[in-house]
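Novice: Below is a structure I'd like to ask you about.
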Amino acid sequence: MRDPEPCRIKHTEDTEQQTELMEESEENEELSEVEEEHHDKPGEKPLSRSKTKNTFLKKRKANQSITCTQCGKSFTNKQNLECHMRVHNGERPFTCDQCGKSFTQPTHLKGHMRIHTGEKTHTCDQCGKSFPYKLSLEFHMRAHTGEKPFTCDQCGKSFTQPAHLKGHMRIHTGEKPFTCDQCGKSFTQPAHLKGHMRSHTGEKPFVCGQCGKRFTKQGTLKAHLTVHMNEKPHSCSECGKSFSLLRSLHVHQKTHTGVREYLCFECEKTFTTASSLNLHQKIHTGEKPYKCLHCDKRFTQLGNLKRHEKIHSREKPHTCDQCGKSFSIKSHLKLHMKIHSVEKPHSDVHKSSSLESESSLE
């Protein structure tokens with residue numbers, strides 16, 4: 001079996017110029033063949049350049065009738081069609097000798113190899129960050145220009161990359177194609193699945209340089225760093241409230257705009273964030289993934305588990321500044337504070353008294 005020939009299909013913007021040059025070269029070669037064919041016939045005058053061009057264009061148009069029977073896409077030659085068919089038949093003859101990943105085209109393999117070599121030839125002239133691909137740099141530049149050309153026709157949200165729009169559309173369709181093989185949980189994005197897998201492996205690759213604390217997600221580390229920085233550079237133009245993270249500001253702004261783009265397909269309730277929707281959906285599924293190691297009690301939220309575990313650890317980090325009494329849960333301290341306040345509704349005092357008894361038992 002002969003080795004698969006390279007395909008001359010444009011695949012990324014990196015090779016666009018090279019492809020155009022190849023096509024121009026091919027066109028000139030074909031044009032010369034047409035001229036030669038007519039010139040060599042005895043008793044015939046050589047065709048003019050314009051007539052030769054017309055003959056060539058008719059020939060090329062005829063070649064464009066090569067169509068894929070699977071999807072109807074047309075190609076200029078059989079070689080390109082054969083290469084395209086790999087999309088349908090799953091054939092990936094070009095394999096990376098470093099990691100075993102396979103590709104349909106040799107140029108795709110060549111681009112992939114930059115992951116292993118660390119080659120980053122495309123540099124941003126704004127911030128100096130480098131990228132292995134020209135297209136990656138172009139996407140990055142939109143962070144500086146603010147350009148978001150890919151817009152959702154359902155809710156109007158815009159994105160810098162088509163892949164981000166594609167992932168976002170799954171919020172509207174409810175599609176979750178990425179499934180955990182450990183617990184069966186599904187996700188809209190491959191990155192979300194990758195992050196989730198760390199809950200099974202216990203991997204925490206993101207480390208705080210200030211205190212050494214480790215995290216499973218980079219976003220969680222970024223949020224944690226604000227504890228050390230205590231900076232809130234992102235302000236809401238509506239109410240002036242400030243936030244340490246830009247995404248926190250974006251979430252907050254939805255309280256002003258009323259945009260609730262995340263829909264629960266079970267009860268049609270809407271939410272401003274994906275995390276709020278995921279948390280809500282556990283009501284329908286009954287899922288309680290967070291288990292106490294001391295008593296096997298399970299919880300829907302990690303925060304609830306951590307709060308519960310303080311009962312076992314006897315930790316009481318919440319202290320009353322009036323009398324020095326400590327509590328394991330912040331809400332218990334808030335309720336206790338009503339004892340010291342001027343107003344003491346009977347029901348609240350009764351609850352506070354109950355907490356006093358509970359506290360003595362802790």
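Any Cβ shown, glycine's included, is placed from N, Cα and C.
Automatic prediction, not curation, is the source of TrEMBL annotations.
Feature list, courtesy of TrEMBL:
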- 1-14: compositional bias 'Basic and acidic residues' (COMPBIAS)
- 15-35: compositional bias 'Acidic residues' (COMPBIAS)
- 36-47: compositional bias 'Basic and acidic residues' (COMPBIAS)
- 342-353: compositional bias 'Basic and acidic residues' (COMPBIAS)
- 66-93: domain 'C2H2-type' (DOMAIN)
- 94-121: domain 'C2H2-type' (DOMAIN)
- 122-149: domain 'C2H2-type' (DOMAIN)
- 150-177: domain 'C2H2-type' (DOMAIN)
- 178-205: domain 'C2H2-type' (DOMAIN)
- 206-233: domain 'C2H2-type' (DOMAIN)
- 234-261: domain 'C2H2-type' (DOMAIN)
- 262-289: domain 'C2H2-type' (DOMAIN)
- 290-317: domain 'C2H2-type' (DOMAIN)
- 318-345: domain 'C2H2-type' (DOMAIN)
- 1-54: region 'Disordered' (REGION)
- 342-362: region 'Disordered' (REGION)
Novice: If contact means at least 3 Cβ pairs within less than 8 Å, sequence distance 6 or more, would you call the domain 'C2H2-type' (150-177) and the domain 'C2H2-type' (262-289) in contact?
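Specialist: As far as Cβ distances go (cut-off 8 Å, pairs 6 or more apart), the domain 'C2H2-type' (150-177) and the domain 'C2H2-type' (262-289) touch.
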Novice: Please count the residues of the domain 'C2H2-type' (94-121) that DSSP assigns to helix (H, G, I), strand (E, B) and coil.
Specialist: 12 helix, 4 strand, 12 coil
Novice: Considering every residue in the domain 'C2H2-type' (178-205), what is the mean pLDDT value?
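Specialist: Summing pLDDT over the domain 'C2H2-type' (178-205) and dividing by its length gives 87.
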Novice: How many of the residues that make up the domain 'C2H2-type' (150-177) does DSSP mark as helix, as strand and as coil?
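Specialist: Final tally across the stretch: 12 helix, 4 strand, 12 coil.
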